[in-house]
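Report on the following structure.
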Ligand code: ATP
Ligand code: MG
């Protein structure tokens, strides 16, 4: 089956007065129809930059290279008209902190109906659909009359999910949809998104720094470090048996939800992520890596095959 989303050699460089910041450095990533793919990695590794690039929502100082094929068409070459058709109807994004983007003076049912109206639906259809969506996200149609300030953080997040589903897109990109919420609500919301997209056959690209929540929701995981994918494979395997030392460190830092003892005492990741404007030579992870060997500062690791369907950018994988 050809992928719905096929990202090839994507680079994003932010041009700043202080110099170039290479935020995404050659990412290949695909999402099949109906597939749920998670992207994990620490703050600053380029997750949001990648998500925003997919729909060309980056600020003007971002220079892009590579290809982003959505349903076979290159997003980077689309006219503005084509791009508008893709946004919401083809792919919709639940942004980081998006719940603060709700309009404070409009009832939530009107805001859920809005994308349907914008894409040519009539008022009656939009109203009926908004009520159904409120039900689907577990809010109940009664909450449709509410204004955002009358809802909790978790409820507002559910409204955002209803909006993202309103035009039944082929792909939903959810960028840390739950950062501000407590961990139990996070788990509930992520399960909700996972269930809603599965019921509708919608593909999902879910971004989080918490590998364990992604492992519970997604089919496949890509782990990012310093602007690159350093490992990818089936979600459960990447979480429990990472082939890249960074994946293992990330899994230890975010133990499985439900494993309360482990979550109370997570193993912190050693050191800090590198400054993208001043990356270590060779493998960007080598200064923090517990299994680094003398060649690591000199070898630029590629995504080598670690097992069928599994790749990791680590010299130890290449040696095996
Ligand atoms: P987080 O987990 O904190 O959301 P992230 O993985 O989403 O992090 P990005 O927001 O994609 O990371 O940022 C990647 C890098 O690009 C960071 O070093 C960030 O400082 C830099 N960056 C992001 N936006 C801009 C911008 N508009 N101009 C310059 N640099 C930027
Ligand atoms: Mg981000």
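Glycine too: its Cβ is placed from the backbone N, Cα and C atoms.
Because the structure is a prediction, the values reported are computed rather than measured.
TrEMBL assigns the feature region 'Disordered' to one of the listed ranges (241-260, 261-280, 281-300), namely 261-280. Per-residue pLDDT, averaged over the domain 'ABC transporter' (7-251), rounds to 91.
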